[in-house]
Amino acid sequence: MKTPRGSVLVLLLLNLLRVSWAQSNCIRPSIPGIPGIPGKPGSDGKPGTPGTKGEKGLPGLVSHLNENGEKGDPGFPGMPGKVGPKGPIGPKGVPGPPGVRGPKGESGDYKATQKIAFSASRTINHHQRQGQPIRFDHVITNANENYQARSSKFTCKVPGLYFFTYHASSRGQLCVDLMRGRAEPQKVVTFCDYVQNTFQVTTGSIVLKLEKDETVFLQATEKNALVGIEGANSIFSGFMLFPDTEA
């Protein structure tokens, strides 16, 4: 079907008018559109230059804070601190009172008891010098060998209580000293008896607490009529009573 030539011309004219109208609209100012969405804040700018020094301020008010106030109430006790290190050992205390007496112990074995005893007689019949040990040269008994016949001295080897005795025959006055000690023995007792031109028997005894290495012996004095003959013997004896359990 053919289109009329007049219709085509009309269409061309309309297109030309539209183009010219559009061009005229582009030349004239347009109306502002709707504002867009605000953008994100920009990054911080660089620091500005220092400002000028300000003027001096006014003087401040005088404060009274340095004055001490009234004493406050005591605070609450604090928490206990940690346990400190162990201190040094203190001085030794005074001895306590004696304890109660313990029960009686069992019977001991008599065989285990120290056996110390001696007995020696004098067989020498010559004058004994003053200040010298009286010689008892003949050993009768010497359990544990604590008596030395050569020196006529008893030497303590086991500390304890000891009993000593002597029986001396004499013709005239007689005095003897019983001596004890270590390097320098001391006189303990003196036994004397006085008669003239007749036989007599003098005796004496003593209990001593001896320490280890102490000696015991009889010593002659200026009154010395001691004899040692058959029928008129002189004897020196001793034995331990009890050992010292604390030694």
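Backbone N, Cα and C define each Cβ position, glycine as well.
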Ask   = Which one of GLN186, GLN200 goes with ASP193, TYR194 at the Ca(2+) site, as Swiss-Prot has it?
value = GLN200
Note = Cβ contacts within 10 Å for LYS71 (5-hydroxylysine), all chains included, total 6
Task = Give me the Cα-Cα distance between ASP193 (Ca(2+) binding site) and CYS175 (disulfide bond), rounded to a whole Å.
result = 6
Ask   = When the Cα of PRO77 (4-hydroxyproline) is compared with the Cα of each of the modified residues PRO47, LYS53, LYS92, which one is closest?
value = LYS92
Task = For LYS53 (5-hydroxylysine), name the DSSP secondary structure in the helix/strand/coil scheme.
result = coil
Ask   = If the Ca(2+) site is taken as the center of the Cβ atoms of ASP193, TYR194, GLN200, which further residues of that chain fall within 8 Å of it by their Cβ?
value = SER170, GLY172, GLN173, LEU174, CYS192, VAL195, THR202
Inquiry  = For a three-state summary based on DSSP, what are the helix, strand and coil counts in the domain 'C1q' (111-247)?
reply    = 2 helix, 82 strand, 53 coil
